[in-house]
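Colleague: Okay, handing you the structure first.
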């Protein structure tokens with residue numbers, strides 16, 4: 001069953017078609033990769049799906065609900081979480097606070113409860129704290145919980161961003177270049193982490209990535225974008241050998257040039 | 001429960017101290033009253049500027065709105081209500097009416113905050129600052145042209161109801177309300193807007209709601225401060241609520257540290273007392289005052305407290321470390 005259906009999606013910035021007539025489906029529980037050269041419109045697709053941009057036409061159906069016109073926070077509440085290409089942590093706050101903020105939607109004490117500091121407030125605060133600590137524990141960041149987020153090493157900041165996204169309890173996770181700036185070892189560790197969270201949280205994952213070893217390793221299916229259009233779709237091996245994909249990445253072979 | 005007991009006992013202590021301070025020299029007493037009113041203004045502006053990160057410089061406008069509204073109620077409705085409550089002892093009736101008028105004035109300012117907040121809070125940084133500045137001026141000019149509240153002649157004849165106990169009580173309420181809001185998931189949502197609005201939204205936080213909420217709570221307490229101010233001076237004039245007044249409140253929180261409640265109170269204290277201390281230096285006063293601020297910003301641009309709070313617990317830990325080490 002498709003958890004997400006994107007149909008004829010188009011988005012333009014001025015005269016530039018950032019995404020044109022894009023359609024694809026995401027099956028429940030799969031890991032779908034989106035690749036393509038720089039400026040192909042991959043991040044734009046994420047921004048459209050999470051409500052930060054408005055398409056000029058097309059539809060995005062998530063679990064039978066059309067997401068068009070919804071605000072980003074409403075989409076998050078429906079169960080889509082994302083990370084950003086450049087980590088957007090709450091830099092000056094602690095690691096624990098970063099995760100606690102992501103759990104705001106299940107916080108059940110009203111403003112009035114917090115003002116009179118009643119039992120409900122105290123209970124909700126401790127539930128939120130405990131659950132946030134559980135998430136940090138799962139992601140191996142528990143020891144760092146009281147550190148300021150911007151003081152973490154880069155790899156852990158990336159991890160924290162994923163932990164924070166998972167704390168919103170999504171059923172679909174959008175990862176925007178999670179391995180950017182990582183070396184081979186770190187990216188292989190990331191591959192493990194992504195597979196683990198998929199198992200553990202019964203998750204569907206959409207992944208934008210440039211590191212081919214990551215994409216080829218974990219994606220079951222890949223979509224290739226170029227100039228906002230889908231130029232290929234299929235299993236990793238099929239995509240790898242597709243002439244249009246090679247052309248998009250490496251350029252066309254020019255015949256008749258004398259070397 | 002323990003939290004509330006602690007809060008209650010602090011309240012009683014503060015009220016007790018305020019009653020004691022009624023025997024002070026009238027000059028000192030007046031400085032204390034203004035310190036209290038300035039603390040309310042600073043703490044409430046800090047919720048908007050320091051915690052939510054929305055740069056607003058129209059706080060004097062909300063103060064004027066609340067002040068004039070509650071003053072007008074006192075002048076036009078005060079006597080009538082006092083007669084209606086004649087079955088109560090006169091002092092008690094007066095107190096109840098004053099409390100109600102202050103709250104209505106505050107709510108009026110909060111309503112204005114809501115009306116201004118919804119359209120302008122989609123602006124960011126400098127643009128929001130200019131919009132709130134314009135709004136503050138609109139309120140002042142509107143008052144200048146309202147004949148029922150005296151217009152440019154000023155608004156005299158307000159009964160003197162504010163004393164230091166009222167000011168202490170409201171300063172305490174403002175601090176407790178804002179402290180408790182900040183130390184909850186609602187407060188963390190508010191702070192996350194300051195840190196990164198885009199990320200905050202994708203964590204499922206309705207950023208518009210929380211920005212408008214912070215703006216309205218801030219405006220409410222500014223309105224209360226205005227009401228206390230009006231019923232202390234017994235006379236209002238639009239020139240008390242110019243742009244410079246907003247800047248002065250902004251200075252308090254920048255000096256004390258954006259995002260620190262105790263810092264705001266400290267900033268309010270310094271900026272209330274410093275001009276008085278410098279009175280002896282006559283014309284050098286303004287120069288010293290400005291120089292102090294410039295040096296302060298050069299040496300500690302994040303304000304005296306940064307975004308930390310003074311806490312007895314931290315002080316205790318610090319002293320222990322010193323003692324043992």
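Heads up, the Cβ atoms here are built off N, Cα and C, so glycines get one too.
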Colleague: Ranges B:13-30, B:31-48: which does TrEMBL label transmembrane segment?
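Modeller: Range annotated as transmembrane segment by TrEMBL: B:31-48.
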Colleague: Flag the pair the transmembrane segment (B:164-182) / the transmembrane segment (B:286-305) as in contact if three or more Cβ pairs fall under 8 Å (sequence separation 6 or more).
Modeller: no
Colleague: Quick one: find which recorded stretch in B:96-115, B:127-144, B:212-234, B:249-274, B:286-305 has the most Cβ pairs under 8 Å with the transmembrane segment (B:55-76).
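Modeller: Between the stretches B:96-115, B:127-144, B:212-234, B:249-274, B:286-305, B:212-234 has the largest tally.
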Colleague: Would you kindly list the residues that approach the transmembrane segment (B:31-48) from elsewhere in its chain, counting only those six or more residues past its ends and only Cβ-Cβ distances under 8 Å?
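Modeller: Those are 21, 24, 54, 56, 59, 63, 162-164, 167-168, 170-171, 174-175, 178, 181-182, 190, 214-215, 217-222, 224-225, 228-229, 232, 249-250, 252-253, 256, 258-261, 263-265, 267-269, 271-273, 276, in sequence order.
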Colleague: Which one, B:96-115, B:127-144, B:249-274, B:286-305, has the most C-beta pairs under 8 Å toward the transmembrane segment (B:212-234)?
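Modeller: Against the transmembrane segment (B:212-234), the leading stretch is B:96-115.
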Colleague: Mark yes when the transmembrane segment (B:286-305) and the transmembrane segment (B:249-274) have three or more Cβ pairs under 8 Å (sequence separation 6 or more) and no when they do not.
Modeller: yes
Colleague: How about long-range neighbours of the transmembrane segment (B:96-115): same chain, 6 or more residues beyond its ends, C-beta under 8 Å?
Modeller: 61-63, 65-67, 69-71, 73-74, 78, 81-82, 85, 88, 139, 161, 166, 170, 212, 215-224, 226-228, 231
Colleague: How about long-range neighbours of the transmembrane segment (B:286-305): same chain, 6 or more residues beyond its ends, C-beta under 8 Å?
Modeller: 251, 253-258, 260, 262-263, 266-267, 274-275, 278
